[in-house]
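Noted in TrEMBL for the protein shown:
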type: DOMAIN; residues: B:25-128; note: domain 'Alcohol dehydrogenase-like N-terminal'
type: DOMAIN; residues: B:178-303; note: domain 'Alcohol dehydrogenase-like C-terminal'
2 protein chains.
Amino acid sequence: MRATLMYGAGDVRVEDVPDPRILQPTDAIVRVTRSCICGSDLWPYKSMPASEQGNRMGHEFIGVVEDVGAAVGTLKRGDVVVAPFVWSDGSCEFCREGLQTSCLNGGFWGTPDVDGGQGEAVRIPQADGTLFVLPVAEDDALMPSLLTLSDVYATGHHAALGAQVVQGGTVAVVGDGAVGLCGVMAAKRLGADQIIILGRHTDRTDLAREFGATDVVPERGKEAVEKVRELTGGLGAESVLECVGMEDSFLTALGIARPGGAVGRVGVPQTPGIPGNRQAFLGNITISGGIAPARAYVEELLPDILEGRLEPGRVFDTTVGLEGVPGGYKAMEDRESIKVLVTP
Amino acid sequence: MRATLMYGAGDVRVEDVPDPRILQPTDAIVRVTRSCICGSDLWPYKSMPASEQGNRMGHEFIGVVEDVGAAVGTLKRGDVVVAPFVWSDGSCEFCREGLQTSCLNGGFWGTPDVDGGQGEAVRIPQADGTLFVLPVAEDDALMPSLLTLSDVYATGHHAALGAQVVQGGTVAVVGDGAVGLCGVMAAKRLGADQIIILGRHTDRTDLAREFGATDVVPERGKEAVEKVRELTGGLGAESVLECVGMEDSFLTALGIARPGGAVGRVGVPQTPGIPGNRQAFLGNITISGGIAPARAYVEELLPDILEGRLEPGRVFDTTVGLEGVPGGYKAMEDRESIKVLVTP
């Protein structure tokens, strides 16, 4: 089959790889019908050292079950399924608590012996625990929005939970990428009254407004902090969603947080320490969140999508076939695309 | 009057300073009857650059009201009062929420024009909001425990709240100083079942056991992490109290925290970033706490002390007069004393 590999910074190739097959009785094989490129894929795209064997890429996908191992009980051939960006057994102590990202028997896509999602098919370890069967046909028009349950919308929701968004609350979102935009939607869904997005790209901030943002702050750094304080009665936002992970973005997030407030962070950490130790300490700002247990949220987030109330899939503004994936990376890196959908 | 000044690392002197007097109608003057030396006073004691004018020291004290400004409404001459380690107006938005450390009109002791607690008397700004009247006489036997409401017991309680200690929960405490010991007591009071203290000084860990610790881990670093994991079914502690603030202690705190758990941190930050960004992110570990709003907790913590159920004052193992304060610093720095009580 064909699948995407990254061989180093800027070097993404689509190549022939072995077809996946059942290795464990708990496995399933899924033919991928939709996948996508993640903002987090851009970190290695910027910085990965050259590698001879390359890394398999992609961790968000929807597909159709083609085969199941002998121990798989909840899935059958033909099921349309969404895979969260971490696979998990669904039965360990952490999975039962809804923290599937810490599954004692789980792991990441695109690791040795595990396929990535940017390919024609994937072997799914721990298939019963990992996959969620969708009540739709494989070519349903809702596919883009359903695909966001894999990661980006679930991650925005996780940021909102970490930031302790409440009914009537004041929220600020740092990061106008697909996760930040989904964070706006999640905050709105949880009942926030005021939702401020920090961003300078009007195509993104316009979408943020449609997703529920009440204010747009195009300034950066100190000026952004001042502007958000102005918009929040001088005190800062009760809930801040940090959807970038850089030093500057984190310091901005703390700067615009109200003392006693919370930063829900889902931006992949790019610094050894969480920036702003003293600032967080003096302001008693809680820092929560992390890698989102997307699997835990599918059931809660699904109805709004199925019933057409929310369309997180609007973050996809470009669609490519599998051979177009390298160009998709470049479009996202150049900020010509918010998020790229892949139809293998 | 006599008061304590620090002129640089290791250089603490007791000297004559001007008597305090009412400067604002919201001020009170308090004659100090008990004060103490804080673990956080040891940070400048280790590292303060030489200063010609010196800094006034001390931020925990109990005393008797000697005079009040014209606008003070809730205090009268003769009241026995405890002062939290931050003064605050008691009426701003943050004070009303119980976050007096972020008071819009508050500040710290020992700053320009504000006395420190390690002296004979103190001018109290925002006296109505700051002071809490104690229903005891100035020489009551409970004084050591009542004095811990100024900071150390309140700070331990804040750590336990930040760490989300719950009835029946599993708790680990990093730091066997007075705050860590009070953290043990606070966790016990909140109903924790298992309380593990990390510490190697048996005088301290013995007291921790009397305060409610169920396990003592004398190991450090990696060995400590392994030991705590062993004691918690391999998964780590749900709640971790970080009562030191150093890089190593913070990494230990994250290492022993259960994924999805919380670190309540009250150790004064000694690093620009909060150590362990990636570790906290992958484990979805919440980092909460900060500078403790001691004023908010007095009312809740007082009854156990007044009724003799809890004795946080046992963290004081040395008592000195005011002229003995420089020796008190040295005893704490040399870890010959857990915490030094000062009777001016």
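Even glycines carry a Cβ here, placed using N, Cα and C.
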Overall pLDDT of the domain 'Alcohol dehydrogenase-like C-terminal' (B:178-303), taken as the mean: 97
Composition by DSSP (helix, strand, coil) of residues within the domain 'Alcohol dehydrogenase-like C-terminal' (B:178-303): 58 helix, 28 strand, 40 coil
Helix-strand-coil residue split for the domain 'Alcohol dehydrogenase-like N-terminal' (B:25-128), DSSP-based: 18 helix, 32 strand, 54 coil
